[in-house]
């Protein structure tokens with residue numbers, strides 16, 4: 001591998017820095033008006049030695065594999081050329097291993113054994129050539145870059161500006177990486193979602209009420225052809241989101257009001273960091289809590305009520321409650337709501353604090369009490385911002401996966417009954433993409449359809465929410 | 001005794017007056033500071049000419065406020081000190097504020113005039129760590145007494161702030177805010193009446209009568225400030241405190257507010273904090289000058305601006321510091 005050259009380049013770069021520094025000092029002697037300081041010349045030399053060499057190394061690292069493969073498969077003897085593709089791949093892999101001095105995986109017999117020997121030698125030769133080519137290229141690049149830099153070093157070189165330019169470029173590249181990656185993710189999502197919608201029509205997906213994605217993987221397997229109506233998933237997601245917000249919105253908002261208006265500095269200093277720590281608990285821990293603590297507790301509670309009702313005038317309801325299971329929308333929604341409390345509270349706290357003090361003073365000076373000030377002045381003033389915060393929380397609730405996977409169940413029931421098991425978009429993506437899969441079946445591709453829907457919905461929610469919060473902040477700045 | 005932050009800008013120390021004529025006085029009564037040993041009086045070389053000629057042509061603003069008989073004492077403050085945490089912001093201020101009169105507090109930034117103003121409706125209660133000592137008698141009752149509910153007190157003492165702060169509600173709801181929270185009326189027509197009268201008194205009715213139900217924050221700065229005054233008088237207060245009500249306004253809006261203050265004087269006891277000495281001279285009958293947390297001098301505006309007893313007052317009103 002060519003990557004071992006990177007430390008060598010690092011050492012060369014340091015040497016170039018020292019040399020550039022010394023050279024700049026010598027050339028600047030007698031020129032009091034030198035444009036840049038010697039260190040900046042040193043960095044200039046460092047960049048010109050390191051950057052071209054690194055570029056060559058990275059290119060070589062990426063492309064040497066495919067090039068070697070092409071070269072090897074170009075000159076294969078007939079006996080190898082005639083093998084089935086997957087055996088040929090195994091053979092070539094063994095040849096490469098042998099060429100690198102390792103033991104092949106399989107034993108090849110007859111003419112193949114001879115071919116293996118010769119192919120191993122050829123493969124090793126090609127690898128060696130590429131490797132030395134890469135090294136030579138990198139060395140040449142470093143040398144040319146270095147010569148260029150050293151030739152330029154002198155009192156008039158604007159090294160400071162050029163080094164700043166390089167640093168700016170590097171920082172820009174880093175910041176673009178995240179954006180480009182996201183764009184790549186979106187493209188792959190769209191690409192696969194389009195393949196899915198080739199098989200299943202969009203209208204069926206968006207408006208169908210049957211969800212059972214079990215498509216036969218093998219031709220002889222017993223299985224339905226699958227149904228891809230995502231409405232039960234949307235309904236389940238919506239139901240759980242609703243329950244979660246019913247828990248998180250009031251509790252989070254009220255705790256924010258307490259923290260910003262009522263709590264003394266000591267309470268605030270203790271409670272606020274604790275809430276923020278709570279926001280960092282991994283969701284799988286909440287899922288645990290939901291599945292093993294809250295679920296059984298809720299089941300026992302409802303079974304108990306059912307047992308009381310059975311035989312009475314509400315016998316039917318009693319019978320139903322007796323059969324409630326651990327996994328239900330209510331459990332997942334409640335625990336998700338608890339998870340969202342710190343999120344809602346922290347955002348609302350910021351927003352309430354952004355309401356100008358002059359409004360509070362004005363209200364208190366009118367003889368309003370604390371709660372009157374909060375309900376009649378602060379909340380109306382903060383309402384747009386709080387609405388934005390709630391939308392952000394909704395978008396998190398919709399995207400949340402782990403808690404619902406563990407506590408909501410898998411059955412795609414089209415129901416708004418919180419005691420029923422439901423399933424959500426995210427849970428279905430998880431189940432579709434874990435276990436056996438084949439990437440051109442509608443079953444697997446359905447995950448991309450769901451993912452794209454989820455992406456669009458949360459993106460829109462986030463955009464709207466950010467807009468609201470931002471205009472709200474500007475209003476009071 | 002002599003804390004470094006008492007050093008006045010001209011290098012003299014506030015705690016130990018260097019000249020007997022400069023002894024801090026309060027209503028003719030010599031402040032405790034004047035009892036301090038006077039052995040340092042020779043350290044400062046004082047000009048011997050009369051103080052006025054020293055002011056290099058700067059003349060104090062001419063007093064144009066209507067001279068009216070000063071009403072009976074409405075608020076009597078006795079030995080008020082205010083502490084924010086460990087820091088003392090106000091030192092033993094005693095002052096009588098007459099009714100049906102405009103009293104202005106002047107002084108450089110941080111001199112305690114706003115702090116003193118906020119004592120009179122107990123707004124300092126809302127500040128973490130603020131502590132007030134001394135007595136403030138309003139019509140003879142101590143407003144700092146435990147039995148006094150600040151909510152009821154603030155219904156009697158309205159306040160207008162430096163920055164117009166209408167609530168994010170309609171103009172109508174802004175004015176109706178006080179009457180609603182104090183339950184002054186429950187009928188719609190009575191509330192309409194209160195809103196109309198308050199807006200008329202604040203001189204805003206003609207400008208907003210046709211858009212009572214649009215947002216109060218949509219008004220101009222001067223209109224917002226008059227809306228806030230209307231909001232304050234809607235609960236029929238006896239005292240109106242104004243904390244630099246015109247410092248965020250342009251001259252025309254300022255003139256309107258000053259005109260309004262003069263009209264309101266006939267019914268209310270008005271206390272106004274201002275940075276502008278010209279404003280104090282224009283609107284107030286009584287003036288109190290604060291410096292470094294102490295009340296330096298107070299009296300009729302006319303007298304303060306033409307014949308101040310204190311050297312520091314003269315320096316301030318002629319613009320030599322502050």
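Easy rule for this one: first residue shown is 1, then count along the chain.
Cβ coordinates come from backbone N, Cα and C, glycine included.
The model shown is predicted, which means the values in this text are computed figures rather than measured ones.
Taken from TrEMBL, the feature transmembrane segment applies to A:42-63 (among others). Residues of the same chain lying 6 or more positions beyond the ends of the transmembrane segment (A:42-63) and with a Cβ under 8 Å from any Cβ of it are 1-3, 5-6, 9-10, 12-14, 16-21, 23-24, 130, 133-134, 137-142, 144-146, 148-150, 152-153, 157, 159, 162-163, 166.
Here TrEMBL flags A:130-153 (among others) as transmembrane segment.
Summarising the annotation, TrEMBL assigns transmembrane segment to A:165-191 (among others). If one looks beyond the transmembrane segment (A:165-191) by at least 6 residues along the same chain, the residues whose Cβ comes under 8 Å of a Cβ in the stretch are 47, 51, 448, 451-452, 455.
The feature transmembrane segment is assigned by TrEMBL to A:233-257 (among others).
According to TrEMBL, the feature domain 'ABC transmembrane type-1' maps to A:234-465.
Residues annotated as transmembrane segment in TrEMBL: A:277-294 (among others).
For the transmembrane segment (A:301-322), the residues of the chain that approach it from at least six positions outside its boundaries are 419, judged by C-beta separation under 8 angstroms. Positions annotated as transmembrane segment by TrEMBL: A:301-322 (among others).
Long-range Cβ contacts of the transmembrane segment (A:328-347) within its own chain (Cβ-Cβ under 8 Å, at least 6 residues beyond either end) map to 236, 239-249, 251-253, 255-256, 259, 272, 275-276, 278-279, 281, 283, 286-287, 289-290, 294-295, 298-299, 389-390, 392-393, 396-397, 400, 403-404, 407-409, 417-422. Marked as transmembrane segment by TrEMBL: A:328-347 (among others).
What TrEMBL records for A:377-398 (among others) is transmembrane segment.
Here TrEMBL flags A:445-465 (among others) as transmembrane segment.
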